[in-house]
Ligand code: LLP
């Protein structure tokens, strides 16, 4: 969906606040609405009831967001030494920590063990690599067709993730034989999943394993819910498969908890006609890679007035023709300095931003209780080359 300037229903903040934030902190800028962050967690909690929630930190690892979620009783799913260090930095550990990943390093096993994390085993060989007496879940790949972009389908046949359904009972047993605690099964079939039937199919395949595995303590149903997903429906089915195993339900939402709260603010630098009409802006693939990497469509609002002036492609400053934030957006005539808001950018936006072209990653700001609070200052070029030697 593309929003035009006179349809800003998706903007939780008023346009005045967006202008104020851009004036105060500059652009490009990530702005998050605390009320929407809280609302998303409430929606998850009311759909999933007593299920334990582990936020997939990769969606947005900013320490301010992690602290808020931790204070609300949410745990964390981490996939790198850096993410584990973030969890430790905010005081999370033990029951509130999952260490996952298809290729964990020795340092990641050691850090997870030191913090008392539960490990998600992604292949049989890992049983012999886990620190002694670990708690572990076994990730299963149900090998289905998944309705999302190919890069985001993790439960598809041939993906690198998880063990096969056929292997799963033996891997659970191998964990027990090696003196670990085999807590149960884990499944995460992909991200931004469009069709709820995919979850139904995956959970049904897991439930079929009950005869071989016996009862289990935990069933982790992963995340992957699209922003318009029928959460109560997915929750009912996840709870049903947990019940089959007599297990406690765990879930790992990432996008759902932070995407809608986040807006990328960018200023118009100019326009250009080449056969297509371009609005050139000061953000692009280095700030929001999703449109380029997954053909993701983020709603856009123009924060200026005027008659609609046709459709525009929104292009960034990088020297790459794929550096587009949106295509065919209807806008009033743009002028240098006008502000554009790119919505649903709170997940996999700032976290996937890069220093390509020695671009400074943007500031991040939280709108909470009528105030703007800095979550991350804008980088300087010195920050970008801080780890380098002159030689
Ligand atoms: N659990 C596991 C094991 C995961 O691998 C992921 C995401 C999640 C939970 C959370 O999934 P979510 O609820 O956010 O869909 N960079 C991509 C998304 C990659 C997701 C990778 N794994 C994007 O920008 O769309």
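Here, residue 1 is simply the first one shown, and the rest follow in order.
Note: Cβ is positioned from N, Cα and C throughout, glycine not excepted.
Residues annotated as domain 'Orn/DAP/Arg decarboxylase 2 C-terminal' in TrEMBL: 32-346.
If you look up TrEMBL, you'll see 36-259 marked as domain 'Orn/DAP/Arg decarboxylase 2 N-terminal'.
The annotation N6-(pyridoxal phosphate)lysine is assigned in TrEMBL to 58. Listed in sequence order, 79, 83, 254, 348, 351 are the same-chain residues six or more apart from residue 58 (N6-(pyridoxal phosphate)lysine) with CB atoms under 8 A from its CB. In three-state terms derived from DSSP, residue 58 (N6-(pyridoxal phosphate)lysine) belongs to a helical segment.
Long-range Cβ neighbours of residue 255 (pyridoxal 5'-phosphate binding site) (same chain, at least 6 residues apart, Cβ-Cβ under 8 Å): 59, 191, 192, 223, 225, 226, 227, 347, 348. Marked as pyridoxal 5'-phosphate binding site by TrEMBL: 224, 252, 253, 254, 255, 348.
The annotation substrate binding site is assigned in TrEMBL to 255, 290, 294, 320, 348. Around the Cβ of residue 320 (substrate binding site), a 10 Å sphere holds 14 further Cβ atoms from the protein chains shown.
Within the same chain, residues at least six positions away from residue 253 (pyridoxal 5'-phosphate binding site) with a Cβ under 8 Å of its Cβ are 44, 53, 55, 56, 223, 225. Recorded residues residue 290 (substrate binding site) and residue 252 (pyridoxal 5'-phosphate binding site) have their alpha carbons 21 Å apart, per Cα-Cα distance. With respect to ligand 1, the binding-site residues 253, 254, 320 contribute 253, 254 as residues with a C-beta closer than 6 angstroms to one of its atoms, given in sequence order. Secondary structure at residue 290 (substrate binding site), as computed by DSSP, is helix.
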